[in-house]
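Some features that TrEMBL has for this protein:
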- 22-46: compositional bias 'Basic and acidic residues' (COMPBIAS)
- 338-359: compositional bias 'Polar residues' (COMPBIAS)
- 360-382: compositional bias 'Basic and acidic residues' (COMPBIAS)
- 383-407: compositional bias 'Low complexity' (COMPBIAS)
- 114-315: domain 'Maelstrom' (DOMAIN)
- 1-57: region 'Disordered' (REGION)
- 314-407: region 'Disordered' (REGION)
Amino acid sequence: MRSEVERRLGRPVTMQELPQHVQDDWKNLSETDKQKYRSVKNRERCSSSSSSGQLDCRGVSMRELQQREDYIHKKDQDMKKDISTLVDFYSSGNALHRATFYVLSTSYYVYTDDGKYCPAEIGLLQFSLERGIMKEYNVIIKENLPLGYRYLATEHCKATHQLHELDPNDAVQPQEAFNGLCEFVVKEGGKLPPLYTLQNQLDQAEAILEALGAGGDETFTVYSLDLLMKHLYCSTFTNKNIPVSIATEMLNHCGLDYHPDIACQWHILNQEDYGKHCSLSCVRRWVYLICDNLKLAQSYRVVPQEGRHLPRASKPKGILINVPRTSVEDTHIPTQGRGENSNNMAASSTPSFTWTNRQSEGDSKEGNDSDRLSERRRDRPTKTTTTTVPAWVRRGETTPTPAATPKAKVPHTLASLLTHTSLDTSSEDDFPCLGAGKANTRGGGGGLATLGGGGGGLATLGGVGRGISIDKVYMGAAGVGRGQQLKNRLLKK
């Protein structure tokens, strides 16, 4: 604020004269903006009155932060203790499958800068492992956005539940939604039972319930559904102890995200593709996944029922069309390159493709396609041949098939490898005075393996090069000349 006033006046402003310059701006502020400054002022007064007097970089008392951290830690410990005690109590009496739980899912229009949620939809249900989903509560809340958040709310809705397109007549007021919530949840022992939601949505659910029931007498407790799933699984399968992260993965499995019949009626009729973000769809999916992972039939002898323990079978949508098989016609298909796949395809009783040959006017039309296929398979060269049929050879002619070359054994030593690995076609008979000996020895072939290529290099009596390098094999022609020059020079001496 001070920098804005100095920029407007074009000169420095002291703190003593600052109030008279911002007085008009304060009067023009809305009541919501004024409340922000009042809350900051009250917080600073509380911080200054504290005994410690230590503040963080935001001006918040360190003692206040420590108290907040202690409160969150104690709340987390109480939640873990309550869930563990509840599951152990029912398990000890073999009645865990009869215990009832409330599962909650919430969604919002926008999250403001001061940490508040504008509630959009609530999905709540009661279930047990024995009876599955017993009853449900779903409500969409009318949009009540603070000033300046319309754009952010629209962008968030487009990315998630699409409730910005909602008809106002299909939504209710926040107080009405909270009253219906209180009527749905039945008190146990004079107090409200806890509501369970995903671990990463705990703060969101608590803030939305607090915003809906502002000024009311009823206060709901929200616990982690991930932690409940962990204890249910470990109690059902005593020999399997899973961490909370595995329970979270079970609840977030995406197999039912786009099931067409588990969202609320508004999403089914208006935004079926975004049913994944429907609050009612979320709680139903979580219950179905819990029942599926606990294997009710084997663990509790409970027969799963559609709509209660698992989703109802969806009817197929669309029109069934019988598409005829595709036929491929080609004037001439070379016999080479088709391999065994064509033989299997031709021999199959129900081929995926039918291969036919187009005849010219001068050819005879006797015979059928199967005879011509048999003739073409007979003329096809065998798999071991290395020669190819030229494109200009007529189809009726056959070419002699050379005898198959036996496979050479792979040498086991470096010397044998250097001797047998060569690309030239010469032999020792062509150069009787020169041998094809081992590398780097008298009277022998070409060079070291690292200096391979043509037999030059370090051979004392150069010859036909049969050397080999690390990455390439070279012809031996270059090594012949190099070795001959070396031989002549030695003879002159």
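Every residue, even glycine, has its Cβ placed from backbone N, Cα and C.
Please treat TrEMBL annotations as automatic predictions, because they have not gone through curation.
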Distant-in-sequence neighbours of the compositional bias 'Basic and acidic residues' (22-46), which means Cβ under 8 A and at least six residues beyond its ends: 1, 5, 59-61, 64, 114, 146-147
Tally of DSSP helical, extended and coil residues in the compositional bias 'Basic and acidic residues' (22-46): 23 helix, 0 strand, 2 coil
Integer mean pLDDT for the domain 'Maelstrom' (114-315): 92
